[in-house]
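J.: Below you will find the structure I want to go over with you.
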Amino acid sequence: MLYPRNLALFSLLSLSSAAPSQVERSPDAVLKPRAVCTPTAGGSPSIDDVPAIRKAIASCGNGGTIVFPAGSTYYLNSVLDLAGCSNCDIQVEGVLKFSGSTEYWGGKTAMLNIDMINGLRLRSLTGSGVIDGNGQNAYDRFASDKNYKRPTLLYITGGSNIEVSGLRQKNPPNVFNSVKGDTQHVTFKNLRMDATSNSQNPPKNTDGFDIGASTHVTISSVSVTNDDDCVAFKPGSNYVTVEDVTCTGSHGISVGSLGKSGTDVVQNILAHRINMIESTKAAGIKTYPSGNGHGLSTVKNVTFSDFNVRGCDYAFQIESCYGESESYCESNPGNAILQGIVVKGFSGTTSGKYDPVVANLNCGARGTCDVSMSAFSVKAPSGKATVLCDNTPSSLGVSCTSGASG
């Protein structure tokens with residue numbers, strides 16, 4: 001029904017456009033709906049749902065959407081390779097649960113593999129989606145067999161424009177997320193990650209993020225509970241931002257380890273607005289010393305800022321003798337090049353394990369130690385705040401006491 005005002009407007013438009021031109025819409029200008037596939041779940045741990053998921057990727061992986069509905073559980077008894085996804089959207093609202101078979105997974109690199117894919121969103125829109133690495137058997141086996149090789153839960157190699165968001169990741173056998181192979185533009189956001197053991201054997205080596213050769217990686221609004229580095233910047237990481245992250249029980253935000261056998265570079269890193277709880281350190285740099293086939297480590301333009309330290313053993317640590325004994329490093333001092341390392345805005349209280357020491361900066365005698373610290377107010381439980389230093393610059397920014405190690 002046309003109301004008077006609308007009728008008048010309609011009449012005016014009719015008079016002013018007595019000979020309207022036809023506007024033809026190009027078929028290419030019409031957005032085609034995305035194909036949507038929902039894999040059929042087998043409904044039993046004895047049925048591997050990976051083939052059904054691969055079939056869905058074959059049908060909908062090129063620009064389409066693959067949905068794992070809320071309330072569903074998919075049992076993954078083999079590696080899930082997302083090859084064939086290009087500009088695709090994988091929406092996990094149910095549970096993807098990997099098998100706990102230590103026989104099958106032994107020696108595998110990845111459980112969920114993203115290799116040379118350009119354009120992929122792996123996400124939960126509701127926050128209910130879970131990727132379960134089912135790692136308890138691996139924790140128990142590794143406790144008695146240190147040679148047992150465990151897979152990474154989510155492994156990204158090469159490719160670009162990848163987003164992982166809104167999910168819970170739990171109990172990986174080894175590392176949660178790995179990025180390498182010159183991958184570009186990866187975003188991790190709004191993730192809940194926890195590795196917990198129900199036996200006396202801890203979930204060893206469960207790094208939250210291992211960021212290797214890659215550029216423009218962002219990690220934001222993430223919580224991690226684990227038993228190794230919360231975030232580790234490995235050789236080749238460049239332009240990485242970590243922000244608004246909470247880490248519990250970890251080894252902190254770490255550069256390294258670097259220089260074990262080759263020339264390693266980490267550069268252009270920003271880690272800020274971090275809550276670090278009951279970790280061995282809040283932030284730090286780990287480099288191998290010189291000699292014995294070790295290489296050269298270069299760490300440039302790295303900023304650690306606005307860290308809230310709660311019960312961590314150290315607030316900040318530089319290790320230039322990583323992987324070797326103190327006596328070895330007396331003969332083969334560290335030679336790492338540290339340039340433009342900024343530590344600022346650290347507050348809170350350490351665990352007291354090294355009370356009154358709150359930071360330990362052991363720069364290599366044969367290296368470069370361009371490090372500055374400011375607004376550093378972390379204290380030990382005693383109320384004291386000793387910073388141990390060796391080979392640090394006079395312009396460091398905090399009062400130093402000799403005797404650093406590591």
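Quick reminder: no glycine exception, Cβ is built from N, Cα and C everywhere.
The signal peptide annotation in Swiss-Prot covers 1-18 and rests on sequence analysis. If you look up Swiss-Prot, you'll see 214-235 marked as repeat 'PbH1 2'. Residues or ranges marked as active site, proton donor by Swiss-Prot: ASP228. Feature annotation from Swiss-Prot assigns repeat 'PbH1 3' to 237-257. The active site annotation in Swiss-Prot covers HIS251. Marked as repeat 'PbH1 4' by Swiss-Prot: 299-320. Residues or ranges marked as N-linked glycosylation site in Swiss-Prot: ASN301.
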J.: HIS251 (active site) has how many other Cβ neighbours within 10 Å of its own Cβ?
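T.: For HIS251 (active site), the count of other Cβ atoms within 10 Å is 22.
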J.: Please spell out the DSSP helix, strand and coil residue counts for the repeat 'PbH1 2' (214-235).
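T.: Its residues divide into 0 helix, 15 strand, 7 coil.
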J.: Let me spell it out: for each of the recorded positions (ASP228, ASN301), count the other Cβ atoms within 10 Å of that residue's Cβ, using every protein chain shown. Which one has the most?
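T.: For the recorded positions ASP228, ASN301, the Cβ with the most other Cβ atoms within 10 Å is ASP228.
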J.: Name the secondary structure element type, per DSSP in three states, that contains HIS251 (active site).
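T.: Assignment for HIS251 (active site) reads coil.
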J.: How big is the gap, in Å, between the Cα of HIS251 (active site) and that of ASN301 (N-linked glycosylation site), rounded to a whole number?
T.: 22
J.: Within the repeat 'PbH1 4' (299-320), how many residues are helix, strand or coil going by DSSP?
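T.: Looking at the repeat 'PbH1 4' (299-320) with DSSP, the answer is 0 helix, 20 strand, 2 coil.
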J.: Please give the average pLDDT for the repeat 'PbH1 2' (214-235) in this predicted model.
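T.: The answer is 99, the mean pLDDT of the model over that range.
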J.: Measure from the CA atom of ASP228 (active site, proton donor) to the CA atom of ASN301 (N-linked glycosylation site) and give the result in Å, rounded to a whole number.
T.: 24
